[in-house]
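Participant: These came from TrEMBL, pasted as-is:
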- Asp469: active site, nucleophile (ACT_SITE)
- Glu498: active site, proton donor (ACT_SITE)
- Lys339, Gln399, Asp434, Asn470, Lys608, Tyr609: alpha-maltose 1-phosphate binding site (BINDING)
- 286-618: domain 'Glycosyl hydrolase family 13 catalytic' (DOMAIN)
- 1-55: region 'Disordered' (REGION)
- 341-362: region 'Disordered' (REGION)
Amino acid sequence: MTAPRSPRTRSTTAKHRGSEETTTPSTRAAERAHTRKASRAATRSTPPAPGASQDADAALKYAGSAETPTPQAPTLLREDCRISRIPATEVWPSIEDGRWPAKAVVNESFPVRATVFREGHDAFAAEAVLYDPAGQEVQRSLMRDIAPGLDRYEARLRAGEQGLWSFAISTWSDPFATWSHDASVKIAAGIDSDLMLEEGALLMERAAASLSVTGTEADEAREVLTQAAIGLRDASASAQTRLSAGVHQQVRRVMRRFPLRDLEETTKRYPVYVDRERALVGSWYEIFPRSIGAHRNESGEWTSGTLRSAAGDLERIRNMGFDVIYLTPIHPIGTTMRKGKNNSLTAAPGEPGSPYGIGAPEGGHDAIHPDLGTFADFDAFVERAQGLGMEVALDIALQCSPDHPWVSEHPEWFTKRSDGSIAYAENPPKKYQDIYPLNFDNDYAGLYQAIVDVIELWIAHGVTIFRVDNPHTKPLRFWQEFLAQMRRDHPDVLFLAEAFTRPAMMRTLGAVGFHQSYTYFAWRTHKQEIEDYLTEVARDTAHLMRPAFWPTTHDILTSQMVDGGEAAFRLRAVLAATGAPTWGIYSGYELAENVQRPGFEEQNDNEKYEYRPRDYASGCGPEMSRLLTALNEARAEHPALQRLRNITIHTTTHPEIICFSRHVEAWESPTGEADTVIVVISLNPHDQVEGLVTLDLGALGLGGASMGPGVPLMRVRDHLDGQDYTWGATNFVQLQPWGRLAHVFSVEAL
């Protein structure tokens, strides 16, 4: 017979589930060594106490105990390198381990994930904790296991205002969960029943005593816990009945609301910058202002359109539901090396040149082309757009024509070749002899300030969004510093990166501050690559790069659009408008303009080099305009289409039918109601396709519904033609390019 172990020995030699001490790992190691030595000494020299019971001592396993001080051992680890008692690793979203802030917008819920685990089998829990820009805790969300066996946990947080927020992961040992599991197993097997019940009663008493808050809710919680302790000690009842008093739903609710947080630790804070909603959601329409209202006179000479004539087209554009009007550069255009039709090296008399060849004696980036009008005309354009509920986005191309004032005033801002000439821009095989790229290495401070001055000028005239041309050809350090200044001085002003380049550069441009980015969407045409890309931009990169989906641009016309004709324009519009919260079209999309310049992936007779007035009442213009209107109406009506991270790909039996859904829960919807949209699209612009669509009901908020064949579960209405259907888990669809090419369903559960 051995001597009974002291509480100190018990709590350090057995699985320690209930202690509230928060000593360091090295300190605990020293304590274990000390208590093992003391235990051995006690066993050798201390006689047993007659009639001593170990029950009360064993109960401390779950209920905790007071600890005696132990000398601390020195540590060899820096504080920021120590692993937590219950580690939270691989925290996400974080960019470079929190070096730069992740992205979110106001009232957007975003997922927070971490790998959480511990030694042994005792239970633990974790919460994601949100801190506002002032550093105050504003939300805690319990994390759930999303990958059983892999210890991956997730919660969702939501920030309510713009600014630099942060989050952290809090982990702790959960003695109630450990006890309820162990007690249920042991009492069912008739093992240590009285001991387990007493441990539970002590645990309830400790939980009640730990409630430091006041009020009705706390008082009710104390009463529930007190009654549970009484029930657990009711010797007149069976062990199972007594156990039920401690694991009752009321008790579980209280312990979820006021958990015992043993060994609690919190990770460092990870930054998240929260922007206004336009950083995530928008329907863009691109125009060359000079084309709207342009016409030939009797002698065949062109007269340019103006900002005033372009303003006259805003109502038509707004009526289709577009809320961002994007202007290509409106500055004076150089005459030296001016490009002609289809990028020819010599411009014919009267050809306007490329608006990307910026700068002339009339001015540079801080001036307006005289043919377009004056600053008063620009202000009137902005006022008209804003009056219609649209924002103005201006194309900023940080490059100069040979005639730009900067070339003569600041030759150090450009790269000189060995023959003394200035290097023009190249993007092999393309050459831009009419454009000089900027060199940031000779007078960085001077060039930086000049660019800031240009942007400040246009902000003062009402521009709230800038589409930045080719940002990947400028230093990332410049963008990081410039965008930080803009965010500080103009937090509502947004910047879109037009960077069709390598993934590392595109993602890092987003990481250092660009609000949105162009994407590879135009080149994703087959079912599997579309599904993979939708998943990638929604889940893998959403925290650092917000995508903008454009089926075509003035620089891009893919072979799919050429071969597929009008049907391809329709299906790609549906895919773009529902595949990302931000999408856009280039003017002329309504007419399915798809004649490709031979040998190039762009339009023939490119509008960059000539005037192109259009008649939108001709051809397929009216029908395409109706489709674009229906798509934007669906986007405006459905919060689900205004979010990025909420996509689910569903199974179809046909290789050219794609189906996906977007769903928001009621708590994260601005309407206070859950919202679901199902999209089904044919990827074949030539032939009829048909097949079965099998839905993931859980992703639609219908996880508890019957999945039997033919069981009606929901009423769906197609936004594209107004038709109603009754759908179940598996459904037949038939799509054809000459009729119904896609469905955009709103969903109502039956």
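Including glycine, each Cβ sits where the backbone N, Cα and C put it.
Each of these features: where is it, how hidden is it, and who are its neighbours?
Facilitator: Other C-beta atoms found within 10 angstroms of the C-beta of Asp469 (active site, nucleophile) number 19, with every protein chain shown included.
All protein chains shown were included, and the count of other CB atoms within 10 Å of the CB of Glu498 (active site, proton donor) stands at 22.
Asp434 (alpha-maltose 1-phosphate binding site) is surrounded by 27 other CB atoms, counting those within 10 A of its CB over all protein chains shown. Asp434 (alpha-maltose 1-phosphate binding site) falls within neither a helix nor a strand when secondary structure is assigned with DSSP, and so counts as coil.
Here the region 'Disordered' (341-362) has long-range neighbours at 288, 290, 301-302, 304, 328-335, 369-371, 395, 397, 399-401, 403-407, 430, 432-435, 469, 597, 604-606, 608-611, meaning same-chain residues at least 6 beyond its ends whose C-beta is under 8 angstroms from one of its own.
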Participant: Taking the Cβ of Asn470 (alpha-maltose 1-phosphate binding site) as the centre, count every other Cβ atom within 10 Å, in any protein chain shown.
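Facilitator: Result for Asn470 (alpha-maltose 1-phosphate binding site): 18 neighbouring Cβ atoms inside 10 Å.
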Participant: How big is the Cα-to-Cα gap, in Å, between Asn470 (alpha-maltose 1-phosphate binding site) and Glu498 (active site, proton donor)?
Facilitator: 6
Participant: List the residues of the same chain that sit at least 6 positions away from Tyr609 (alpha-maltose 1-phosphate binding site) in sequence and have their Cβ under 8 Å from its Cβ, in sequence order, or write 'none'.
Facilitator: Lys339, Gly340, Lys341, Asn342, Asn343, Ser344, Ala347, Glu351, Pro352, Gly353, Ser354
Participant: Which recorded positions are spatial neighbours of Glu498 (active site, proton donor) here, meaning Cα within 10 Å, out of Gln399, Asp434, Asp469, Lys608?
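Facilitator: The recorded positions close to Glu498 (active site, proton donor) (Cα within 10 Å), listed in sequence order, are Asp469.
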Participant: What number of additional C-beta atoms lies within 10 angstroms of the C-beta atom of Gln399 (alpha-maltose 1-phosphate binding site)?
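Facilitator: Looking across every protein chain shown, the total is 25.
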Participant: What are the DSSP helix, strand and coil residue counts for the region 'Disordered' (341-362)?
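Facilitator: Output for the region 'Disordered' (341-362) reads 3 helix, 2 strand, 17 coil.
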Participant: Rank the binding-site residues Lys339, Lys608 by the number of other Cβ atoms within 10 Å of each Cβ and report the first-ranked residue.
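Facilitator: By the 10 Å Cβ neighbour count, Lys339 comes out on top.
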